[in-house]
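Annotated features in Swiss-Prot:
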DOMAIN    1-53  domain 'ClpX-type ZB'
BINDING   CYS12, CYS15, CYS34, CYS37  Zn(2+) binding site
BINDING   PRO117, THR118, GLY119, SER120, GLY121, LYS122, THR123, LEU124  ATP binding site
Amino acid sequence: MVVDADKKELICSFCSKKQHEVKKLIAGPAVFICDECIDLCTDIMKEESKVALKQITASIPTPQKICKILNDYVVGQDQAKKILAVAVYNHYKRLEYVQSGNNDVELNKSNILLIGPTGSGKTLLAQTLAKILDVPFTMADATSLTEAGYVGEDVENILLRLLISAEFNIAKAQKGIIYIDEVDKIARKSDNPSITRDVSGEGVQQALLKIMEGTVASVPPQGGRKHPQQDFVQLDTSNILFICGGAFMGIDRIIRSRTNHSSIGFAANINIDKEKSNNEILKSLEIEDLTKFGLIPEFIGRLPIITTLDELDKEALITILTKPKNAIVKQYQKQFELDDADLVIDYSALEAIAEKALVKKTGARGLRSILEHLLLDSMYKVAELKKQRVTITKEVVDGLIEPCMTSIISTKLNKKQPIIEDIPA
C-alpha cells in the first residue's frame, strides 16, 4: 500500500497526487490509481487503436484492385470475387468512418457466407484477402466447436488464434479477419426442436451469434476452458470481419424442391429444372433454403452477404495447375530445381489429372494429392541422382508406365524450362 510520509493520506502510485487532489482514487493490490491517470491510459489506448486503424485503412485497395490481385491466385469465381472485394472494401471504410467519430448514420457490420463445393476456392479467397489487406487472419473448423461446458473447443478459442496471429496486439486483432470453415456441419439436425441438446449444431450457432455481431469477449490467453481464477484478455469483436464457408451438400435438393413446388402437375417445368446444373440451381438460393438446411434465422441474420461459388470444371482445374502465381505445377518444378533436376508435364497428363480430381469430387484441393502420388518415387530418386529430367505423360497418370527419367544434357539449370508441353493454342 502506498501512503504519504505521515501515513494519513493515500496517493496515486502513478502520478503521486494525493487523494484530496483528485476526484477518485481506486485501490488495487498494494497500489492506487487516480481518475486522471485512468483517463490518460484510456486516451493512449484510443490513440493506439487509431494508429492501427490508419495503417490498415490507408492501404485499402479499391474493389477493382482487390479483384485484380485475387485473379493472380484464384481461378474463376468472378462474381464471388466481385462481391467479396466490395464487401471487404466497405467493411474497412466503415471502420474508418466509425473511428472518425461521425455517427449521423450508423453503419452495420456485414459478415460474409461463402457457399460452394469442396475445392472451389472458399478458403483460398479468405486467405488471399487477408494477405492483400495485411491484417491478422485465422481459420477455424466449425466441426471442432461445442457449446461452453461441453467437451470440445469454446468459440472464444477462435479469438485466441486471432490474437496469436496479431502477436497479441489487441488493437490490431480487433481489425482482423476470421474464417470459419464447415459451417454447414453445425446445422441443426432437424427442423423440429429436440428434447436433447444439440451441443455441436444449433448450440454452436447460438454461441457464435454474440462474437459475430459484436461484443467484448473474455479470451483466456492460455487457451482451454474458462475458469474463475484465470486472467482474461478483453477483445472487442465489433470490427472483426467474419467469413463463413461451407459446401452445404444437399442444399440444391432443397432449392429444387422449393422452385418446383409451384409447378406440381406440370411435369415439363420439373424436367426443365432437373436439367439445370448445381451451379445454376445455387444462383436461386434464398434465405428460407438455408433455414430449411438447418441454420437458425439469427445466425443467417449475422451473415447478410451471401455468395455462391461454382463447381470447377476440367479447364479450370488445368488452369489452377499451371497459371496462378502459386500454381501447383510451378511449386513442384521449383522443388525439382532445388535438387538440380527438371520437371516436364505434357498437356494430356494435365487433362488426366484434372479428370481424376473431377471423379473424386475433390476439386482443386485434390490436385496436390494426385501430383504428390505421381511424383513420390521421382522425388525420392532425383535427390541422389541429380541432373535428371522427369517427364509425366497421360500414361503415367493412368498408371500404365513409370515417370520417364533422363539425364539433362545441359547443366545450366537457371535456364527457364517449360512447365508443360503441347499446350493447345
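Residue 1 is the first one shown; counting continues down the chain.
Any Cβ shown, glycine's included, is placed from N, Cα and C.
Source: prediction; values computed, not measured.
Everything Swiss-Prot records as a feature, shown here on the structure.
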residue : record              : Cβ within 10 Å
CYS12   : Zn(2+) binding site : 22
CYS15   : Zn(2+) binding site : 13
CYS34   : Zn(2+) binding site : 24
CYS37   : Zn(2+) binding site : 18
PRO117  : ATP binding site    : 21
GLY119  : ATP binding site    : 23
GLY121  : ATP binding site    : 29
LYS122  : ATP binding site    : 27
THR123  : ATP binding site    : 16
LEU124  : ATP binding site    : 20
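In this structure, the CA atom of CYS15 (Zn(2+) binding site) is 59 Å away from the CA atom of GLY119 (ATP binding site). Rounded to a whole number, the distance between the Cα atoms of CYS12 (Zn(2+) binding site) and GLY121 (ATP binding site) is 56 Å. The binding-site residues under consideration are THR118, SER120. Their Cβ neighbour counts within 10 Å are lowest for THR118. GLY119 (ATP binding site) sits 53 Å from CYS37 (Zn(2+) binding site), taking the Cα positions as reference. In this structure, the CA atom of LYS122 (ATP binding site) is 50 Å away from the CA atom of CYS34 (Zn(2+) binding site). Under DSSP, CYS12 (Zn(2+) binding site) is assigned to coil, being neither helix nor strand in the three-state scheme. Comparing LEU124 (ATP binding site) with CYS37 (Zn(2+) binding site), their Cα atoms are 46 Å apart once rounded. With respect to their backbone Cα atoms, THR118 (ATP binding site) and CYS12 (Zn(2+) binding site) stand 60 Å from each other.
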